[in-house]
Amino acid sequence: MEKARPQWGHPLQFVFACISYAVGLGNVWRFPYLCQMYGGGSFLVPYIIMLIVEGMPLLYLELAVGQRMRQGSIGAWRTISPYLSGVGVASVVVSFFLSMYYNVINAWGFWYLFHSFQDPLPWSVCPLNSNHTGYDEECEKASSTQYFWYRKTLNISPSIQENGGVQWEPALCLTLAWLMVYLCILRGTESTGKVVYFTASMPYCVLIIYLVRGLTLHGATNGLMYMFTPKMEQLANPKAWINAATQIFFSLGLGFGSLIAFASYNEPSNNCQKHAIIVSIINSSTSIFASIVTFSIYGFKATFNYENCLNKVILLLTNSFDLEDGFLTVSNLEEVKNYLASTYPNKYSEVFPHIRNCSLESELDTAVQGTGLAFIVYTEAIKNMEVSQLWSVLYFFMLLMLGIGSMLGNTAAILTPLTDSKVISSYLPKEAISGLVCLINCAVGMVFTMEAGNYWFDIFNDYAATLSLLLIVLVETIAVCYVYGLKRFESDLRAMTGRTLSWYWKVMWAFVSPLLIVGLFIFYLSDYILTGTLQYQAWDATQGQLVTKDYPPHALAVIGLLVASSTMCIPLVALGTFIRNRLKRGGSAPVA
């Protein structure tokens, strides 16, 4: 007798699992960057439009497929057509790539969390040099937060060609991160269903605390005004629309197979349409909410740096011209500078090269995303807060909850097809399958703990999923609407849920969403081709800053392999199925 499929203990567990998976680090460190780059409040216009015409429909499609087929990604697409098994295989491959490197972020989160209990915070001041005669030269040229990130955390090499060895401290943190994930997925939906209540809700508690604190910080209004002041001319910028569509697409986690896996454990009568709308709205609302928190803190940091810059100029002029202490202030600085320049032109010309150009606008214009925002910009702001240890612990605890929540979805996309397989599950219990997947990912992930590990992390982050996911979701929409048949799928949904599919979903699935995906695919493909030689940012310790370098041939080969290994699964599996069917027909033909 076939074993009954596990189910979520309560529909809320499914919703929380989807929220925990979809609401991730990208909401905190990518969406605020896009707002900053593409017109502040005006970026919300293309973002909301793309949510309606792309995000919600595609999320509903994946949830409906998982709930209808009641299998992981491979089995679900094989049920629709044996020739489409490669879509599920491609999803598993991409999820495997993502799991390899994504948990490294959680390892860094653990590293910073452990160091957050020190007083003072280790990234708040530069260490002394070996002679104890001054500060470390690399740290002085960069900043204390950059030094802690690039030298103490990553111990980064000058280029991707100098790999170095595995570093034991990051390796231990990565092992701990994978142990945490394993404990959360150990019993399948039984354990994951309980964990997601915490991983989904805890980040909101921290964000609310940070919002209250952020709004009371000096200069917070400068950041919020910068965010909410719309630059309407950006609406005519095609890249604003492309990035809005891309952010919606990747933020919801479409194409990985995680959503299909989660939905496969639902009751067939579950209202997945309602849940798709809820999850997509909560995900986008979280991005906007996180941006308000980020920009309030960003405004504090920018104002702090701006005023610090002004104070250094005041000190320089006061000492150079023997002015009375307190005579020169921020309010009369420009007036006094003009007076000194006209009265003492020769002396002022000597001092002028050392006078820094202080600008609040330029501080706010400094756009940073990804690990730079999470581990450098935020820590720069935190170190200047009162009771900085508390805010640091809260912040990195939140990052860990977001990261682990996303990892639960990533691993579900891999594990569900494996546990669905009768061959594999007949030999190994699900605890052993989960353990093997975590162990393999952890072992391969050690590459990212080497001195050149951050460069390999960037390669995986930039190239392992982008084109592959667009192709996967495009084939998914074509498969449902034109292979399985939209009318047939509509009939299935009506039989399952008792609800009729509205014209909106049908138009989006059949026409609008596929055309948008094709447009994104063409954009990214042409962008890669027109870019020419692919480049990366390397840390130069002698200058204390990032420099641009060309990827070496072996790195380009890895990039090509990452893109091809997942995208080629779709045509290769289809071709293999076709050949196998032809051979079966040929073998079963009657002998004359």
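Backbone N, Cα and C atoms are what each Cβ position is placed from, and that goes for glycine too.
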Swiss-Prot annotation: S191 and T497 on one membrane face: yes
Among ranges 109-129, 277-297, whichever one Swiss-Prot labels transmembrane segment: 277-297
N-linked glycosylation site according to Swiss-Prot, picked from N131, N357: N131
Leading contact stretch, 166-186, 390-410, 432-452, 555-575 vs the transmembrane segment (195-215) - CB distance under 8 Å: 390-410
Within-chain partners of the topological domain 'Extracellular' (29-42) [C-beta distance under 8 Å, separation at least 6 from its ends]: 226-235, 237, 239-240, 243-244, 247, 251, 287-288, 290-291, 294-295, 298, 365, 367-371, 373-374
Cβ packing number for N131 (N-linked glycosylation site), 10 Å threshold: 6
Of 8-28, 242-262, 390-410, whichever stretch has the most CB pairs under 8 A to the transmembrane segment (466-486): 242-262
Chain residues outside the transmembrane segment (166-186) and at least six past its termini with a C-beta under 8 angstroms from it: 103-104, 106-111, 153-155, 192, 195, 404, 407-408, 411-412, 415, 431, 434-435, 438-439, 441-442, 445-446, 448-451, 453
Feature contact check the transmembrane segment (390-410) with the transmembrane segment (505-525), CB under 8 Å, 3 or more pairs: no
